[in-house]
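What follows is one structure encoded as structure tokens, with my remarks underneath.
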Amino acid sequence: MEAKVQKKHQRKHSGRKAEKKSRKQNEQESDARKRNPRAFAVQSAVRMARTFHRTQDLKTKKHHIPLVDRTPLEPPPIVVVVVGPPKVGKSTLIRCLIKNFTRQKLSDIRGPVTIVSGKKRRITFIESGSDISSMIDLAKVADLALMLIDASFGFEMETFEFLNICQVHGFPRIMGVLTHLDSFKNNKVLSKTKKRLKHRFWTEVYQGAKLFYLSGMVYGEYQTQEVKNLGRFISVMKFRPLVWQTSHPYVLADRMEDLTDPETIRQDPKCDRTVSLYGYLRGTYMKNKSQVHIPGVGDFAVGDLSFLPDPCPLPETLKKRALNEKERLLYAPMAGVGGVVYDKDAVYIDMPGGHVKQQDNAGPTTELVQSLIGTHATLDSKMAASKVSLFSGTAALSQDDQPTESHVWDPKTHRERRKAVFTGEEEEDDHDDDDDDEEEEEEEEDEEYNEEDENEVEIEKTDPPMKRLKLEQRKEMEETPAFADSDDELEKSEDDEEDEEERGTGNGDSGHCSEDNDDDYGSEEAESGTEDDDNKEISDMEEDVASGTNGQRSKASSGQEEEDEEEEDQSYSTAGSLRWKEGLAEKAAEVFLRQQRAAPNLRKLVYGTVVEEEEEEGEEDEEVGGLFRVSRPEKGKRRRADGLDCSRFEPDDSHDWEQEEMLASIRDCFVTGKWEGNTDAATLLKEDDEIYGDFEDLETGEVHKGGSDLDHEDEEEPQVKVDDTEAQKNKRLEKKKRLKERFDAEYDDGDATYFDDLKEEMHKQAELNRAEFEDVDDETRVQYEGFRPGMYVRLEIPSLPCEFVTNFDPHYPIILGGLGGSEGNVGYLQMRLKKHRWHSKILKTRDPLILSLGWRRFQTIPMYHIEDHNGRHRLLKYTPEHMHCGASIWGPITPQGTGFLAVQSVSGTQANFRIAATGVVLDLDKSVTIVKKLKLIGYPCKIFKNTSFVQGMFNSVLEVAKFEGASVRTVSGIKGQIKKALRTPAGAFRATFEDRLLMSDIVFLRSWYPVTVPRLYNPVTSLLLPAGQKDTWTGMRTVGQLKHDLGIRNQPNQDSLYKPVVRQPRKFNKLHIPKELQKALPFKSKPKQTQPKARTPRDLQRPAVIREPHERKVAALLSALSTVYNHKKKASRVKQHTAHKEFLKQKDRAEEEKMRRLKDVKKKMYQLMGQKEKKKQKSSLKAEGA
């Protein structure tokens, strides 16, 4: 039975059900806002307004004033300063970062270390010491500061000091790095410590500042992944330009050389030195011969400024994602990277590997070192043994062959001539010509042995006798040319051949062998491998000699040169036969070319060397050791003198002008030929007519028609092409398109804001700045705009103190800060200053203070003052505790708005916070007059009602005359005025007061005395101190420090001491009221006339009682009994009081015991009640569940 096939479900495509399904599917596909618009409607207008305002506030907070981007296309390396207290891991972090970027290990971190971190970024790492001078200098040039914090200890003072320094001198980017996290064993304590340090770091920098965690160390290095993450953040970080850095050029020196003459140093070791400093130029453009300041040394003028090839260049191609090993460059001369280490008294060259086996194919970087190692004789001995040959073919002159002068009279010219006579000259005149030739050959051989290397001497010793004979014969043949027209040409050819043999290169103009042939030989030797046996060296010598002779004789290819060598070998074997007939055609060609070169080259005489020749010479320059360039001046001179005359036309037979193709190739070059449409005269005329059309001459009234005649049209129609109409149409379309874009840009603003327009304007300005000198070479560009940032420059500075070189320490930064036009002058500065809130003491006027202002660190004496409501600048003895005050100093002129900080000492480390004050420069002149309050005291000598004579305030009549009309006061508050001086005593004057004075009053005059600012400008020369003592610079000491160091105790002022006040009792006169006034007074206020009591009469006085003896005994007994009773009563009262105290204590103890029992009872009761409540809740939950 066949299985029943189930019918497939057919989907409905129409009908109510299909429509419902399709509608449901469409709703699911649509977004929620369309599906349910009421859910996304505005629920509260107030809440929506708040949300909108908040969004706009956040967007506006991100805005900053746009600045013109002046960074060059190849910016200088970013300066990353690693700061922190001692033993926190600064050097370890730098080594790990260098290894992460360059795959190289650096043992000692000294000076700046520059690396290539990416395709468009380089980084310079430098470590900052814990001394305040290094931190101040590096904060001025830092682009990024890595602040290392020991998490196991917490924040230290160096961290906060550096943050405050950065706030004053322009805040660079700050990144915190927590180290020593592996000392925490408990994770909970670690997380709490991280959170606490992070929030404190955010408080000091800004909310959300980046803080990295280096969890632990593996084999003395931080973990690779953590260092890699830190390196990524550094590589992609963006930097906002700082005002001081972008307005001043500066160089962070990474290399230093002493150029002073050693003989001068030997004669005077304390003489000023000429030093060249190297580094990348940063900031803005620097001109030659400008003023620079070296912090820690002083101000200097740049003797010479030049740019050098970049020692750490960026990769040329940007197509790759990552750098290869060759492009991961590391440049740190002070740390010994790059093969050269600069010490204070020597230069050490580091050669990798051993030097036991000397390789023949040594690279250019080791040529210099190999030559230095292979030197066996001193320069003096070489000069003594050297010989000079004045002319070719003559005997060589040694030092012993110096000519002597002899005066000989010449009868023909009738004058005395000075003849140069050599030793042994008379003996040579006596010999025959053959003997002369033999002696010349022997002298030449001696000269060759003296000038050649030791290797070549060994080669000649090991030569077989046949080969040595063959080499000598070849040298004899090379001494004279085979063919010459005159004696001058003979001498010229000899000189050329000798020069070419010495250098191994030929003349490019004359077609001789060039250095390319030598390079080919060298490449063939490199491919075939190097062998150490003597036979190989001998064969190489023979090939070099053969190639030199062949290059001088012909311009043939390499195959022809081999044939020429064979022919020459055959001719050398037949030395006795005639050889002048061989190669006559080639000799004639050489003669012709020599005649061409004999005439002067007019083009080279007028315009100088041809550009192509300069390029070839530039390519042929060789570098030795990567530091020195071999110059060949003689070669360039020969080229200029012997080059082909470009003003002469040499006939060229390579083109056959009888062929039709050759004629057709130049037919259109003439006027009768067919020209292009944009250069054809007829086409240009027609376009002018179309543009200008008909016009009328206003002077003559004649009307000119512009191409409307039919004849003209018929004549010009065949010349106009179809392409012209298409080009015009496209031109119109382009014009319309540009107009529409302009219209849209003006009226269709869209969402653009003022901020966007400002950014666009700054972007356009930056593009204009870059495009101005974009196509100009560096030599010309430097003359117009100066040395631009990003160049690696060399600054030669003369007259540096000798201590800078002798005490040089690469661990301290050397910064050359460029000075503006007036920043090299010294004058008065007005500042606004505030004592730092963390500094322990207030600052005192006239105490010396060390300021960091601009590039400089200097000591000066500030005068603090405050401005009163009437504009008077009143001198302050001390700075206010929590307020700004004014300060006037004598120092270098610095632009207004520049921040500064003050420290009291830069020597060593102090327990307290070292930054004493901060502030900003307000003014640059002496417009502010600081005045000091002065009180003059006098005493009245005569009093006449409201007029008094006062003395003791002045010393002469002239002084009184100066203060006439001045207001005076008494201590009791009575105001007065000075009227006129008295004759006697001297200095006394008459003054009037509001009330009558007393003789005991004191009169004082409050005056204001102008104070002068002390002229002290003492630069901090910390870099001139010996190594290890650079953080011990001390300048002028304060008065308190001097007294403390000298052990002088301060003697107090006697008037300032507190004394017991002794007041004499004053006797006042009786109040006297006139009788008339007494009558007018009411009774209550009238003085009462109290009569004195009369004496009691004697009869009314009580008589004295005289007791009997018995009564006296009874009275004494009663008094004794009362005394005893009173004593007992007092003792009982004391006892009762003590017992009551004890009772109260017992009562308090009982009360406490009662309260404790009550508390325990309540606690048990509450526990029972809680348990009952829990049972009730459980039972209720069970009942609900059931």
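Every residue gets a Cβ built from N, Cα and C, even glycine.
Because TrEMBL annotations are produced automatically, they should be read as predictions rather than curated entries.
Looking at 51-71, 1080-1100, the range tied to region 'Disordered' in TrEMBL is 1080-1100. Range 1129-1186 is the one annotated as region 'Disordered', of 607-664, 1129-1186 (source: TrEMBL). Residues belonging to the domain 'Bms1-type G' (75-240) score a mean pLDDT of 91 in the model. Break the region 'Disordered' (1129-1186) down by DSSP state and the numbers are 57 helix, 0 strand, 1 coil.
Only residues 6 or more beyond the boundaries of the compositional bias 'Basic and acidic residues' (1139-1155), in the same chain, are considered here, and none has a CB under 8 A from a CB of the stretch. Taking H, G and I as helix, E and B as strand and the rest as coil, DSSP gives the region 'Disordered' (1080-1100) the counts 1 helix, 0 strand, 20 coil.
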